[in-house]
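*Asks:* Before I ask anything, here is the structure I am working with.
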Amino acid sequence: MKLKNQLPGKVFSSLFYLMAGFVFIIPVIRLLIMGFTLNDGGLGLANYIGLFEDPRTVEAIWNTIIIAIGSTVTALILGVGFAFIIAYTNIKRKRLMEVLVLAPFVIPSYIISLSWSSLLDTKGIVNQVLSSMGLPVIDIYTIGGMILVMGICSVPMVYISVISMFRKIPRDLEWAARTSGYSQAQAMLKINLVQARPAIISGGILAFLAAVDNFAIPAFLGISSGIPVLSTYIYEKAISFGPASFNSAAALSVILSFIAIGGIAVQSVFIKKSSGIESIVEDYSARIEMTAWGRRLTEGLGLGFLCIVNIVPFITMMMSAFQKVNGVKFGLDNFTMKNFEFILGNRGVHQAIFNSLALSLLTCVICIVIGMIVAYLKIRKHKQGMRAVESAASLTYSLPGIVLALAMIFHWSMVPGVYGTVKILLIAYITRYLILQIKGCSTAFLSIDPAIEEAAMVSGRTRVVIWVKILIPLLAKQVLSNAFLIFMSAATELTLSSMLASAGTKTIGLTIFNLQQSGDYNLSAAMSVLIVAAVLTLYMVSVLTRCFGNIKEKLKKQKKMMKSVETLKEGKNHYELEY
């Protein structure tokens with residue numbers, strides 16, 4: 001009888017594991033096999049040998065490494081610098097500065113690329129001023145331009161990795177150093193920066209991996225100028241449809257994957273090291289007291305720099321969106337609303353927006369359901385197989401997007417009715433972003449005491465009632481937070497859709513990319529302005545909702561405190577009356 005009761009559970013687990021392997025593992029295995037598959041169907045290293053004999057492959061690898069290192073150094077300097085200023089100094093407007101530092105994290109990188117290309121266009125405002133002064137113009141469509149834009153996009157990753165660590169370093173270490181004769185600057189350099197080194201290196205590796213993975217920035221700034229990197233080179237190989245194009249693209253993908261996975265392995269080592277000297281809580285008080293003059297100078301330079309880097313390019317892109325002709329001086333004679341009229345009235349754009357929103361919503365719902373199941377079975381039921389599912393989902397997230405897209409093509413083209421339809425995009429998004437919901441739900445379940453469920457079961461509640469009345473309300477905040485991140489990532493992504501979308505399944509990112517590549521810069525700028533406005537509106541709504549929720553919680557606590565005080569007063573009065 002006991003065996004019969006266990007049988008359905010075992011069948012479900014087996015099917016679940018098989019499905020996870022089919023969706024997450026087999027595509028990667030097929031990609032590896034394709035990298036070694038020859039034109040005649042045999043296996044060998046000819047694809048790799050042929051690639052390394054091609055000068056363009058060597059150029060793409062070197063460009064990838066140079067751009068990744070350059071952008072990482074840029075991100076480290078800016079990210080660590082602003083984290084240090086915000087964590088340790090007594091400047092005002094820290095919240096505003098932090099919002100500006102994190103701004104590139106909210107906006108898609110292809111829109112940031114487009115805004116910088118508007119600012120530093122050959123006929124743009126900056127280069128017109130430089131030409132009038134007899135100075136050489138700045139060309140954004142170079143390796144230096146890609147390093148700049150990619151570095152700016154990676155600053156939030158470094159900042160987030162470092163700021164918390166800075167605040168968690170105990171002050172006792174600084175005081176001990178000052179007692180030993182160190183100056184404040186020496187204590188900061190030899191104590192705080194050294195103790196934060198694992199977090200700094202981890203943030204740097206994260207920025208390096210983001211640069212290696214990035215397709216949008218090299219596509220917008222590098223393809224037109226003939227500068228290949230591995231991500232765009234794989235894209236070029238895959239869409240060329242030559243006799244060995246997919247095999248060569250697979251071999252390049254394997255090379256790029258080893259770089260990415262190697263970086264992740266190194267990063268995990270430093271993440272473990274960074275937990276050694278952390279204090280229990282973050283210290284938000286200022287540790288460096290600057291004079292009024294020094295504080296104002298730091299605030300002015302910091303906010304001014306962030307405005308130039310993060311706001312000015314978007315203003316120039318907005319100006320381009322209202323221009324009749326790109327590159328001509330902005331004025332009333334060149335002002336038009338027709339770019340927005342075209343975007344808002346074009347059926348192709350409507351279809352792209354609908355596709356992105358529908359795919360993002362479906363991805364969120366499916367990721368929530370699967371993520372909660374996997375997290376529950378892993379945390380509450382201690383199913384070891386769920387850890388394997390989590391690892392498989394982590395693998396597809398750690399792979400560069402262009403590599404995952406190619407793996408999707410090799411695998412799902414063998415399944416009828418999937419490749420070339422909207423289904424493959426949905427599967428790709430779920431495969432890419434599911435791990436975010438699994439991690440979030442796992443964290444949420446760990447914060448809920450199992451005794452709550454046990455008490456509900458003892459009182460006669462069914463599992464459905466426990467989920468609906470207890471677990472889902474307690475999980476909601478964390479689950480919705482991760483769902484919002486998945487929604488925004490899927491709605492604005494470009495890499496997967498550039499490889500997997502067909503004529504009727506274009507997305508927002510792919511539409512902007514196609515407009516830019518076809519030379520319709522003003523139209524791409526107009527659509528980008530609308531997307532930025534929509535993204536910022538959604539984030540503002542999210543922030544306001546969170547603030548409103550916090551206010552409600554505070555009011556509830558105040559009401560409870562008032563009731564407690566009234567109860568104490570009544571008890572005291574009753575005691576006085578008796579005696």
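Cβ atoms are placed via backbone N, Cα and C, with glycine included.
Automatic prediction, not curation, is the source of TrEMBL annotations.
Annotations per TrEMBL:
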- 61-267: domain 'ABC transmembrane type-1' (DOMAIN)
- 353-542: domain 'ABC transmembrane type-1' (DOMAIN)
- 12-33: transmembrane segment (TRANSMEM)
- 60-87: transmembrane segment (TRANSMEM)
- 99-120: transmembrane segment (TRANSMEM)
- 140-162: transmembrane segment (TRANSMEM)
- 199-224: transmembrane segment (TRANSMEM)
- 244-266: transmembrane segment (TRANSMEM)
- 300-322: transmembrane segment (TRANSMEM)
- 352-377: transmembrane segment (TRANSMEM)
- 389-412: transmembrane segment (TRANSMEM)
- 418-435: transmembrane segment (TRANSMEM)
- 523-549: transmembrane segment (TRANSMEM)
*Asks:* For the transmembrane segment (140-162), name the stretch out of 60-87, 99-120, 199-224, 244-266 with the most CB-CB pairs under 8 Å.
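*Replies:* The listed stretch sharing the most Cβ pairs with the transmembrane segment (140-162) is 60-87.
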*Asks:* Compare 12-33, 60-87, 199-224, 300-322 by their Cβ pairs under 8 Å to the transmembrane segment (244-266) and return the stretch that comes out on top.
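*Replies:* Stretch with maximum Cβ contacts: 199-224.
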*Asks:* For the transmembrane segment (60-87), could you work out the same-chain residues 6 or more beyond its ends whose Cβ comes under 8 Å from its Cβ atoms?
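*Replies:* Answer is 94, 97-98, 101, 143-144, 146-148, 150-159, 161-163, 166-167, 200, 203-204, 207-208, 211-212, 218, 222, 227-233, 252, 255-256, 259, 287, 298, 302.
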*Asks:* Counting only residues 6 or more past its boundaries, what in the same chain has a CB within less than 8 Å of a CB in the transmembrane segment (300-322)?
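*Replies:* Residues 82, 85, 91, 93, 96-97, 100-101, 103-104, 111-112, 114-116, 118-119, 124-125, 152, 330, 335-337, 339-340, 521-522, 525-526, 528-529, 532 contact the transmembrane segment (300-322) from elsewhere in the chain.
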